Amino acid sequence: MASESDASSIATLSCARCEKPAHLQCPKCIDLKLPREQASFCTQECFKAAWSSHKSVHVKAQLSSIGDQNSDLISQGWLYCVKKGQARTPKLPHFDWTGPLKQYPISTKRVVPAEIEKPDWAIDGTPKVEPNSDLQHVVEIKTPEQIQRMRETCKIAREVLDAAARVIHPGVTTDEIDRVVHEATIAAGGYPSPLNYYFFPKSCCTSVNEVICHGIPDARKLEDGDIVNVDVTVCYKGCHGDLNETYFVGNVDEASRQLVKCTYECLEKAIAIVKPGVRFREIGEIVNRHATMSGLSVVRSYCGHGIGDLFHCAPNIPHYARNKAVGVMKAGQTFTIEPMINAGGWRDRTWPDGWTAVTADGKRSAQFEHTLLVTETGVEVLTARLPSSPDVYPWLTK
């Protein structure tokens, strides 16, 4: 609604719609510091009648502001990511963006100290052992020694994710979240597994609003009302621990809150059936049933996975119904469950950076993930929340 302005300040101005003497000014134009000539109106009725076309002035001004900010960043060495992290460009790639978000420039790759043990992709971006391992086809039964290493690694990964959660608020960039993840991982003696994995340029994934997964931390500042998923994987003592959570940024609308809550419940319900003898394909049935009951959809392009000394290996864990996942759970197996749930349809597209998966319809998406160990009697959540974990979900009690 237009606000009344000091009469003397607009006495010489005309209505932007009908050219009658102006008495009101658009408050959004005032906030954006736009010229008063295009912000002035004679009456509320005239302002409302002009709104459908007038609001485009705000969008253009905001895009121009973003362009100016990004130009400053590019002059400081920040560039847009393309070709799955193998190249950079100073120009925003052309793309039919599905929602309000667009790519932002990213900072240079963060450095890992020489003394930190590194996976085989750390230097040249190419995993050597993982794609050729027999464990891409056979689900490994972990030894007690491997399980103990995984417990240690997953606890570190949880502590790193909690550190990231504590800095999330409006105005923080996802690049800053990545810095926190990187430094916390290094401080614990670990390596951030995503860094340079098939050339992924950052130490964690940050997926905002319509981004489903694999969002690259960048210069965009989180805004009040956003939701953001932070996905952390730590490599420590030769094995990996993987988890993620979706967080609220400031005051989030009820539909987004329900999306996040339902996604959390999907993961919890899936974990509840994990025990020896259960077929992997049953996980998708459980997740899909709960999501669709809430009018939501399950992403089909990305799945949970085996994990241990390898970042990704068998089994494959689809989250949708009527999937063809093979195999039965056995004690000693470790894998992730990580449902991605969309407010709209399940289909996705990938940004020009080659990594960022977004909803095809531009609607929001949420995700939660844990690394799990199948025990003789059920399941151990290796990445479970700690007593010290931030209290960020109103439906949880410590």
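FYI, residue positions are counted from 1 along the chain as it appears here.
Just so it is clear, glycine is given a Cβ too, placed from its N, Cα and C backbone atoms.
If you check Swiss-Prot, you get these features:
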type    : residues                       : note
MOD_RES : ALA2                           : N-acetylalanine
ZN_FING : 12-65                          : zinc finger
BINDING : CYS15, CYS18, CYS42, CYS46     : Zn(2+) 1 binding site
BINDING : CYS26, CYS29, HIS54, HIS58     : Zn(2+) 2 binding site
BINDING : HIS214, HIS312                 : protein binding site
BINDING : ASP231, ASP242, GLU369         : Zn(2+) 3 binding site
BINDING : ASP242, HIS305, GLU338, GLU369 : Zn(2+) 4 binding site
*Just name the winner among CYS15, CYS18, CYS26, CYS29, CYS46 (the binding-site residues) by count of other CB atoms within 10 A of its CB.*
CYS26
*asked:* Validating a neighbour-count step here. Other CB atoms within 10 A of the CB of ASP231 (Zn(2+) 3 binding site): how many?
replied: 23
_HIS214 (protein binding site) as reference: those binding-site residues from CYS46, HIS54, HIS305, GLU338, GLU369 with C-alpha within 10 Å of it_ = none
*Please report how many Å separate the Cα atom of CYS26 (Zn(2+) 2 binding site) from that of HIS305 (Zn(2+) 4 binding site), as a whole number.*
52
_Distance, CYS42 (Zn(2+) 1 binding site) to ASP242 (Zn(2+) 3 binding site) (CA atoms, angstrom)_ = 59
*Report the residues of the chain - excluding ASP231, ASP242, GLU369 - with C-beta within 8 Å of the mean position of the site's C-beta atoms, for the recorded Zn(2+) 3 site, in sequence order.*
CYS205, VAL232, THR233, LEU243, ASN244, THR336, GLU338, THR371
*Taking DSSP states H, G and I as helix and E and B as strand, how many residues of the zinc finger (12-65) are helix, strand and coil?*
30 helix, 6 strand, 18 coil
_Cβ atoms near HIS305 (Zn(2+) 4 binding site) (within 10 Å, other residues, all chains)_ = 18
*How big is the Cα-to-Cα gap, in Å, between HIS54 (Zn(2+) 2 binding site) and CYS18 (Zn(2+) 1 binding site)?*
13
_Give me the count of other Cβ atoms within 10 A of the Cβ belonging to HIS54 (Zn(2+) 2 binding site)._
20
*Given the binding-site residues CYS18, CYS29, HIS58, HIS305, GLU338, which one's Cα is the least distant from that of GLU369 (Zn(2+) 3 binding site)?*
GLU338
*Compared by Cα position, which of the binding-site residues CYS29, ASP231, HIS305, HIS312, GLU338 is the closest one to CYS15 (Zn(2+) 1 binding site)?*
CYS29
